[in-house]
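Feature annotations, reproduced from TrEMBL:
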- 27-45: transmembrane segment (TRANSMEM)
- 57-76: transmembrane segment (TRANSMEM)
- 88-104: transmembrane segment (TRANSMEM)
- 116-137: transmembrane segment (TRANSMEM)
- 158-178: transmembrane segment (TRANSMEM)
- 190-209: transmembrane segment (TRANSMEM)
- 247-266: transmembrane segment (TRANSMEM)
- 286-303: transmembrane segment (TRANSMEM)
- 310-329: transmembrane segment (TRANSMEM)
- 341-369: transmembrane segment (TRANSMEM)
- 381-399: transmembrane segment (TRANSMEM)
- 405-424: transmembrane segment (TRANSMEM)
Amino acid sequence: MALDEESPLVDHQIQAENQTVNHGRDIHILSWAFLLIFLAYGAAQNLQSTLNTDGDLGTISLGILYTSFTVSSLFASSVVRKLGSKNALLLGTTGYWLYIAANLKPSWYTMVPASLYLGFAAAILWVGEGTYLTATARSQANDHKLHEGTVIGHFNGEFWGIFASHQLVGNLLTLALLKDGAGSTSGTTLLFTVFLGSMTLGTVLMSFLKKRDGEETEGDRDSSPGLYTLLASLWNQIITPLCDVRMLLIVPLIAFSGLQQAFVWAEFTKYYVQPSLGESGVGGAMAVYGVFDAICSLAAGRFTSGLTSITLIVSGGAFLQGGILIWLLNYSEPTDGVLRVVYPLLIAAVWGIGDGVLMTQLNALLAMLFKHNMEGTFAQLKLWQSASIAVVFFLSPYISLQTMLFLMLAALVLSLVGFLFLVLKVEKVFSNHVS
């Protein structure tokens, strides 16, 4: 900033540059940083039930992780508001790095503490991501006189499109480095070492992000709030949003978005992919899932401009996933060799499309509807998503596949009804918010 004082000419030049700055640069950085971090974590998560089988360490550690994630989401918004979204993003990456490092020496003494800390770090990271992306989109819309809803949709589409490709890249890396199977110690060590390197690069890249909200939180950071202030902040960030009927109507859709992700990780690969394609086919099916997730995220983001487009896209995705769930309820493994390969890959592709729809549209919808409490809004998103993911991991061993499918179908119907009711009842309020 000291350079501004050199001459009036320089001052006018800098002001002109600031007025026309392209904030899309920060979305590019954010998207690629998340790709580098999550290609490692996503692949590691897919391997937990295969690698860490002693006492179901892998599955239980994931249940612990998402339970910690759920609890941490209760106060994540206060932490993000205190730190600022960029600093929260950097802090959040440390939990993922520690979790991957723990997988180099997996035991109850390494995986459980790492999972607990990652739950906290993940809540901070994802609330920071939603806050940062929305603030960046608003800056872009204001500086370039663009329609805010369209910019939010485009930025979410780019982020989730690049992010979703982590399934493709991470699983291809796994296939390449675990040629001798998941039981190879040398291959596993090399894989997780490469993952650590990828995460480190992602964190370094994230440090180049511009700060977005420092001027709003500077005063808060200098103060040392007491217990009453902390409790009041927790109430405002978590409880107050639930007093808004719009949030209550969106919560079932948020919860279903977590259920459908956990179903793919915990049930689909186990009951549909592995019997048809074998252990090595799991990585291929998840790669297909990631490709279609990425393509759909980019496309859905481009078509998002307001509540009407969100309604059409979400409804289309819901009908696709509903059709797949009904098919899975009546699914029998094909005897034909080609269909044994095609069916699981086709289901993975359609499920990837559904996930791409939900991730882009939910984030865009929340950013448009709840402008004045971004941290609290995105804390709600991660709270209900992580809680529903934890439910699937803990319930999976105790209920049948058919029961899980019926629960998924019921959750989808409930979430779609709630969402459509929101559209019918709150469209005028929404129009006032984005006009």
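Cβ atoms are placed via backbone N, Cα and C, with glycine included.
Since the structure is predicted, the reported quantities are computational estimates derived from the model, not experimental observations.
By the Cβ criterion (distance under 8 Å, sequence gap of 6 or more), the transmembrane segment (88-104) is not counted as touching the transmembrane segment (381-399), fewer than 3 such pairs being found. Pairs of Cβ atoms less than 8 Å apart link the transmembrane segment (310-329) most often to 341-369, out of 116-137, 190-209, 341-369, 405-424. The list of residues near the transmembrane segment (247-266) in space but at least 6 beyond its ends in sequence, with Cβ under 8 angstroms from a Cβ of it, reads 45-46, 59, 241, 286, 289, 314, 321, 348, 351, 354-355, 358-359, 362, 365-366, 369-370, 377, 380-381, 384-389, 391-393, 396, 404, 407-408, 411-412, 414-416, 418-419, 421-422, 426. Spatially, the transmembrane segment (158-178) is adjacent to the transmembrane segment (286-303); three or more Cβ-Cβ distances between them are under 8 Å for residues at least 6 apart in sequence. Only pairs six or more apart in sequence are counted, and the transmembrane segment (190-209) with the transmembrane segment (381-399) gives fewer than three Cβ pairs under 8 Å, not enough to call it a contact. Counting C-beta pairs under 8 angstroms (sequence separation of 6 or more), the transmembrane segment (27-45) fails to reach the transmembrane segment (405-424), with fewer than 3 such pairs. Nonlocal intrachain contacts for the transmembrane segment (405-424), taken as residues 6+ away from its ends with a CB within less than 8 angstroms of a stretch CB, comprise 246, 249-253, 255-256, 259-260, 263, 307, 311, 314-315, 318, 321-322, 325-326, 328-329, 399. Among the stretches 57-76, 116-137, 341-369, 381-399, the one making the largest number of Cβ pairs under 8 Å with the transmembrane segment (286-303) is 341-369. As a quick check, the transmembrane segment (57-76) and the transmembrane segment (381-399) clear the bar of 3 or more Cβ pairs under 8 A, pairs 6 or more apart, so the two touch. Tertiary neighbourhood of the transmembrane segment (116-137): same-chain residues 23, 26-27, 30, 34, 64-73, 76-77, 79-80, 83, 85-86, 88-89, 91-96, 98-99, 148, 151-152, 154-156, 159, 209, 212-213, 363, 366-367, 374-375, 377-379, 381-382, 386, selected by CB-CB distance under 8 Å and a gap of 6+ residues from either end.
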